[in-house]
């Protein structure tokens, strides 16, 4: 059996923090290995890694028992979900067990990033794109191909190519990104069909950033022109519609999950973390495992979602195939263990600053050499102490004075008036009984307490009158519960304004436990 898993991790460090990741290199290696063991995948495809080559660390890239392949963004900034985040590249990565080592690996879809050594090949006709367009589509690090040898239950060896993709998101406010997304879709389809024509089986898996059918989106009935979305139309042409008996919609690929679970509702893979929509499963299915028709029908045993796995706004998806992997004898050149900074041919400045453990023999010899030196230093200290001048013991004025000597009464003042008589204490203070002393202490304590309390109340009332203090949160109309304050981030006349809304997680309007539609602008400060 061959188990493949895909997961948009929304930053490779996010799931590591969920399993106890710290800044230590050993901890990050252990956490990454724990994730791989938990998912138990022969081939794990990750999207939105948000790392560039200069910040990728060896413990994250090289895990014992696996060989990994990364595609990095070559741009200064990248798109992630709904926002453009500077210096955070999308990036994809593929981890293969040593028992599923690929025979070839390649970055990008166009072939412009190929090194002609260990590449997958089979690019198809891309004349409809210019060289600048192809380079722009590949420069964001959104596609990574690995090619494997598999053996069927009949004993036949075949070629299987996995295309790990993180498709762009179409921001409604940026029409140029919609065009970029559709160009990426078109390039992906050309490359996949070229691989099929060359005799290879193909699996496209990853985040396609489009919910194909209404059953894949919780609020599809309220979306305008749901079926007219360009991304959904593209998927209609790519995928075969198994429900269509006349054969009018027969694409080269099959959605493996809908093939094995055609009527499963609430099968979502992505939720909005800001609104807490995951609590009520208010999301969409935009992560897929697509396989060519022959491969899915003949070898796919299961296709699954793992919504219980936390650490990202997406959940892992995967499939199980009734084939076995035939590992290559050597990893392709794209493998991260061959990168100069990890293979030892190129040293980073960090190597010269990291404290390394000394060899026991060297440490012992260093101690032996240091013993005579320590003896000489101690002898020199003793000589210095013996030759240092000490203050006289007779209490001369040249000796060092103590701080308390400045607070003692001067002897000259006492000698100036020897006959001065001070009145006795009994003449000034009237003797009191023990009961009187206790009462006096109680009265004095109460007076001090009331005085301090009164002073505190005066200060509190003064500052309240000056500052006013925060106003209580208004109650939402649907549940009569305290609201939460939010800030408008969308560009426009209301950007930066505060408003109140229901604090419950987002969900369907028919669910009384979900967020109500209460809205109230906050008063200007």
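All residue numbers here begin at 1 and follow the chain in the order shown.
Keep in mind that glycine also has a Cβ here, set from the backbone N, Cα and C atoms.
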Stated TrEMBL location of region 'Disordered', expressed as one of 344-372, 373-401, 402-430, 431-459: 373-401
Fewest other C-beta atoms within 10 angstroms, as judged across 48, 207, 287, 313, which are the recorded positions: 313
Whole-number Å value for how far residue 314 (active site, proton acceptor) lies from residue 8 (Mg(2+) binding site) (Cα to Cα): 6
For residue 287 (site 'Important for catalytic activity'), the one of 48, 166, 207, 209, 313 that lies nearest, given that the recorded positions are compared by Cα: 207
Secondary structure content of the domain 'GRF-type' (476-525), with strand meaning DSSP E or B: 0 helix, 12 strand, 38 coil
Among 8, 209 [binding-site residues], residue with fewest other Cβ within 10 Å: 209
Alpha-carbon spacing, residue 48 (Mg(2+) binding site) to residue 314 (active site, proton acceptor), which is rounded to whole Å: 11
Cα-nearest neighbour of residue 166 (active site) within the listed recorded positions, 207, 209, 313, 314: 207
Between residue 207 (active site, proton donor/acceptor) and residue 314 (active site, proton acceptor), the C-alpha gap once rounded to whole angstrom: 9
